[in-house]
């Protein structure tokens with residue numbers, strides 16, 4: 001990571017367009033998203049003073065109950081994108097693709113409010129987006145039914161103690177932090193490089209009884225620490241907000257797992273390919289990390305429907321590769337014993 005210079009997000013976007021003029025529309029769209037993010041940040045920052053942001057309403061496209069802040073964020077980002085060179089939007093909060101400007105060159109996939117379960121309790125929430133070129137034709141879904149490698153940019157926003165805007169336009173991943181006084185995002189982490197290996201993993205361990213064998217074995221061996229085949233101790237982290245875990249991995253490494261499991265409807269996990277896993281994968285790869293569905297590269301997956309789900313494993317390259325070894329039978333085997341099963345956590 002090179003030393004940040006405090007330059008603004010606008011400065012960075014200008015430099016990217018100077019480097020590649022074809023990114024002008026993408027840069028304009030990112031500016032619109034950043035402006036909306038500042039507004040959403042102000043609402044989140046007011047907490048209960050802004051009303052009951054956790055109030056439940058209707059169900060969204062995936063069957064989740066929408067909360068008030070979900071709706072607020074969706075409306076604000078849609079308003080922003082109406083002013084951008086965007087033809088179509090696929091949002092978690094809309095069942096179908098929303099058409100905006102006919103003939104515009106870009107399509108945006110967005111999760112307006114990631115981490116909805118954290119609303120109302122003072123924990124981190126965020127926004128995730130991916131930008132793609134429009135696919136010409138009459139099918140408004142076609143622009144999104146392409147591999148993640150077609151993305152021209154991706155990013156996420158973390159609304160926490162600080163508001164950060166994490167973005168890539170295919171030339172490295174950077175973090176900009178909101179200067180609340182000036183309402184400007186300023187560069188604080190330049191040209192991020194994820195360390196190849198680290199001693200942290202993130203997974204929702206409450207689902208252990210539903211995991212398949214490879215995931216159970218990987219986590220078991222992490223938990224055994226220096227007494228197991230990984231030969232070192234690990235810490236577990238889980239924030240219930242993908243953006244927060246992703247930002248932590250970008251800064252200090254580790255591995256994040258949201259696997260598929262044997263619950264009904266969870267064979268492909270819970271995260272959505274277009275507006276969660278593909279954008280995160282782009283950002284992680286641009287920072288020197290890896291992102292897979294456990295075995296195959298996320299960026300090469302092609303959605304067959306707008307709200308398609310995908311398992312997700314991302315982070316330090318050696319850790320992601322290690323997970324893949326468990327799936328294909330190459331995992332470490334030294335010292336595996338029934339002791340851990342007797343403790344109960346990983347018993348099938």
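Heads up, the Cβ atoms here are built off N, Cα and C, so glycines get one too.
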Mg(2+) 2 site partner of 111, 114 according to Swiss-Prot, chosen from 220, 227, 276, is 276
Need one residue: from 83, 92, 93, the one Swiss-Prot lists with 111, 113 for Mg(2+) 1.
92
Just checking, which of 111, 115 (binding-site residues) has the fewest C-beta atoms within 10 Å of its C-beta?
115
Beyond the listed site residues 92, 111, 113, identify every same-chain residue whose Cβ lies within 8 Å of the center of their Cβ atoms for the Mg(2+) 1 site.
70, 73, 74, 91, 93, 110, 112, 114, 116, 127, 128, 275
Return one of helix, strand or coil for residue 92 (Mg(2+) 1 binding site), based on DSSP.
coil
What's the CA to CA span in angstrom from residue 117 (substrate binding site) over to residue 92 (Mg(2+) 1 binding site)?
15
Residues that sit under 8 angstroms from residue 114 (Mg(2+) 2 binding site) by C-beta distance, when 6+ apart in the chain:
125, 126, 127, 128, 156, 241, 242, 243, 276
Count of other CB atoms lying within 10 Å of the CB belonging to residue 276 (Mg(2+) 2 binding site):
28
